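Data block below; observations after.
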């Protein structure tokens, strides 16, 4: 594997792992909608400048615009609004463990709608992951009571999976960088729904919390995706994607350093079991 690609994907995973703790920190001053809007205004602005400087981003074809809009809604608007609202009541580490279930949803959707076959070991992996997911939920809820935050993060994970499957055919027409820009720009437009009170929220927020949100937009959202697309251009998808398995452990460690919080033991056990299932599906299940 190319050394520059290894460095690039490592940067992406580190930034993405830190996002869960960054969201929790930003929520100390910001409402979820305002946090998501500020984050992606920063990301969109950075990517506009990058696109103008590099001239590597074409305008999408008119017939593809509706699909581009849908990708933005799924991959940015729904995913991040659900995630941020969910993290109001769910720890950063547990949120990362739930989001780690996304490849399972993606595999099921690809089986149903893209005719991608799953081997027996893949179905076993799905069952194992769902069992682990149940343990995560029980560990976060401390019982069978419904935690709305857990449900919202599951919605985020599912939305991300639909986005990945829906976007897949468009890689034949556009580069990963172009699709990333389209998705972030399109999703940010719909986040403008949260514009009322936005500037007042910035004025009233603690400066350190505003810095956390700016960090989320600049590093995990913008630079993280740019380094990811670079790695994809140099290395097979399967190799690059394997680095994602490090994300839950890194997210838990960063949340402990940054926020002094850690998931319950049951959630950690469930996350480990789920990760085994995810690896079974993505490595050997297809």
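Just so it is clear, glycine is given a Cβ too, placed from its N, Cα and C backbone atoms.
Bear in mind that the values here come from a model prediction, so they are computed numbers and not experimental data.
Under the heading domain 'EamA', TrEMBL lists 4-137 (among others). Across the domain 'EamA' (4-137), the model assigns an average pLDDT of 90.
According to TrEMBL, the feature transmembrane segment maps to 37-53 (among others). Distant neighbours of the transmembrane segment (37-53): 26, 30, 76, 80, 180-181, 184-185, 187-188, 191-192, 194-195, 198, 202, 210, 213-214, 216-218, 221-223, 226; these residues of the same chain sit at least 6 beyond its ends, with a Cβ under 8 Å from one of its Cβ atoms.
Among residues of the same chain six or more beyond the transmembrane segment (65-86), those with a C-beta under 8 A of the stretch's C-beta atoms are 23, 27, 32-33, 35-36, 39-40, 95, 99, 148-153, 155-156, 159-160, 162-163, 166-167, 170, 179, 182-191. According to TrEMBL, the feature transmembrane segment maps to 65-86 (among others).
Per TrEMBL, the feature transmembrane segment maps to 92-114 (among others).
Positions annotated as transmembrane segment by TrEMBL: 121-138 (among others).
Sequence-distant neighbours of the transmembrane segment (144-165) (same chain, 6+ residues past either end, Cβ-Cβ under 8 Å): 71, 74-75, 78-80, 82-83, 85-90, 94-95, 98-99, 101-106, 108-110, 113-114, 136-138, 183. The transmembrane segment annotation in TrEMBL covers 144-165 (among others).
Residues or ranges marked as domain 'EamA' by TrEMBL: 148-282 (among others).
Proximity of distant same-chain residues to the transmembrane segment (177-199), defined by a Cβ-Cβ separation under 8 Å and at least 6 residues beyond the stretch ends, is recorded for 31, 33-34, 36-38, 40-41, 43-44, 47-48, 51, 56-58, 60, 68-69, 71-73, 75-77, 80-81, 163, 167, 170-171, 221-222, 225-226, 228-229. The transmembrane segment annotation in TrEMBL covers 177-199 (among others).
Here TrEMBL flags 205-226 (among others) as transmembrane segment.
Taken from TrEMBL, the feature transmembrane segment applies to 238-259 (among others).
Residues or ranges marked as transmembrane segment by TrEMBL: 265-285 (among others). For the transmembrane segment (265-285), the list of distant contacts is 93-94, 97, 100-101, 103-104, 107, 118-119, 121-140, 238, 241-242, 245, 248, 252: same-chain residues at least six beyond its ends, Cβ to Cβ under 8 Å.
Listed by sequence, the residues of this chain that lie at least six past the ends of the transmembrane segment (205-226) yet keep a Cβ under 8 A from its Cβ atoms are 11-12, 15-16, 18-19, 22-23, 25-26, 28-30, 35, 38-43, 46-47, 50, 177, 180, 184.
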